[in-house]
Amino acid sequence: MAFNGTVPSFCMDFTVYKVTISVILIILILVTVAGNVVVCLAVGLNRRLRSLTNCFIVSLAVTDLLLGLLVLPFSAIYQLSCKWSFSKVFCNIYTSLDVMLCTASILNLFMISLDRYCAVTDPLRYPVLITPARVAISLVFIWVISITLSFLSIHLGWNSRNETSKDNDTIVKCKVQVNEVYGLVDGLVTFYLPLLIMCITYFRIFKIAREQARRINHIGSWKAATIREHKATVTLAAVMGAFIICWFPYFTVFVYRGLKGDDAVNEVFEDVVLWLGYANSALNPILYAALNRDFRTAYHQLFCCRLASHNSHETSLRLNNSQLNRSQCQEPRWQEDKPLNLQVWSGTEVTAPQGATNR
């Protein structure tokens, strides 16, 4: 961690700036949390979306959701106060979670690209290649690697420079410290190499998909199935494209920090590229809805069911109140005493003593 340093001058004043940034960050956090919750609900409640491919999408959504719950609120507090308001131990946990969730996002997207490659290039053998057991092993692999690369390296100090931190528990800065080796290894292994493989994979997917579309143009049933696969591929490629746009600047700065040191990077620019990367977690649910019809349908059904249930509840309440008012208006002020019939749980009927009335 970077524990030393002073508060930047731009953080001292500018109330309007802080209010504007606060609104933007709050909206980003809310969209991230709500959007990824909806993705998980949509897959869980819609049978059409319960596929092996969507297991990786749910894993990605869970990753983004955890980022929105465990990292972004503290990042926003740190961004607005321009100092770390918590302990040094919690700083280590916070930065480890940040690195872990970022790595998990990359590996989920990497697995998604491999899944799409198998589905498009060899659809007949896809059920044999992509089995529930292999998907489960892949998900375990993703999270084990992510935890190892984050918590292990940071808590063992593999990323630290030859700087001694203060012994007290109060710190000003809290961000991942980067040395030359850690910057290059982490940047290459967790971002640039997976990114290169994903780009090659998607290029081959689109090339083969175009050839297949021409070859099966006159076969109706295969055409419908292939079009569905191609639409899913386009959607997931758009998700990966958004990931590149959002995270490529950050990892470039990350590697540059490792080579040149923290003083070589402007802090404002570093904050901008960091939050640009965080914004990717809010974009994925929007991309699903915009580019995938199955997810659009699931979202529509989810919100319509909630709205219909709410309207039905309100209508029922109004109807019951109306009937109650009508019965009260028609009821005489006094009634003859008559036997009161009481239904008990066993289904038998009990007659109340004479003098009990229906009230």
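Numbers run from 1 along the shown chain.
Each Cβ is built from the backbone N, Cα and C atoms, and glycine gets one as well.
Features reported for this protein in Swiss-Prot:
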TOPO_DOM  1-22  topological domain 'Extracellular'
TRANSMEM  23-44  transmembrane segment
TOPO_DOM  45-57  topological domain 'Cytoplasmic'
TRANSMEM  58-81  transmembrane segment
TOPO_DOM  82-92  topological domain 'Extracellular'
DISULFID  CYS91-CYS174  disulfide bond
TRANSMEM  93-114  transmembrane segment
TOPO_DOM  115-134  topological domain 'Cytoplasmic'
TRANSMEM  135-159  transmembrane segment
TOPO_DOM  160-180  topological domain 'Extracellular'
TRANSMEM  181-204  transmembrane segment
SITE      ASP186  site 'Essential for tiotidine binding and implicated in histamine binding'
SITE      THR190  site 'Implicated in histamine binding'
TOPO_DOM  205-234  topological domain 'Cytoplasmic'
TRANSMEM  235-258  transmembrane segment
TOPO_DOM  259-267  topological domain 'Extracellular'
TRANSMEM  268-289  transmembrane segment
TOPO_DOM  290-359  topological domain 'Cytoplasmic'
LIPID     CYS305  S-palmitoyl cysteine
- [ ] Could you measure between ASP186 (site 'Essential for tiotidine binding and implicated in histamine binding') and CYS174 (disulfide bond) for me? Cα positions, answer in whole angstrom.
- [x] 19
Task: Other CB atoms, at most 10 A from the CB of CYS174 (disulfide bond) - done: 22
Open item on the list: If contact means at least 3 Cβ pairs within less than 8 Å, sequence distance 6 or more, would you call the transmembrane segment (93-114) and the transmembrane segment (235-258) in contact?
Closed with: yes
TODO: Express the predicted model's confidence over the topological domain 'Cytoplasmic' (290-359) as a mean pLDDT, rounded to an integer.
DONE: 56
- [ ] Would you mind reading off the Cα separation of CYS174 (disulfide bond) from THR190 (site 'Implicated in histamine binding'), to the nearest angstrom?
- [x] 21
Open item on the list: Within the topological domain 'Extracellular' (259-267), count helix residues (DSSP H, G, I), strand residues (E, B) and coil residues, in that order.
Closed with: 6 helix, 0 strand, 3 coil
- [ ] Write out how many residues of the topological domain 'Cytoplasmic' (115-134) are helix, how many strand and how many coil, based on DSSP.
- [x] 14 helix, 0 strand, 6 coil
Task: Residue among the recorded positions CYS91, ASP186, THR190 whose Cβ has the most other Cβ atoms within 10 Å - done: ASP186
- [ ] Would you identify the secondary structure of CYS174 (disulfide bond) according to DSSP, in three states?
- [x] coil
Open item on the list: Tell me the coarse DSSP state (helix, strand, coil) of CYS91 (disulfide bond).
Closed with: helix
TODO: Taking helix as H, G and I and strand as E and B in DSSP, count the residues of the topological domain 'Cytoplasmic' (45-57) in helix, strand and coil.
DONE: 10 helix, 0 strand, 3 coil
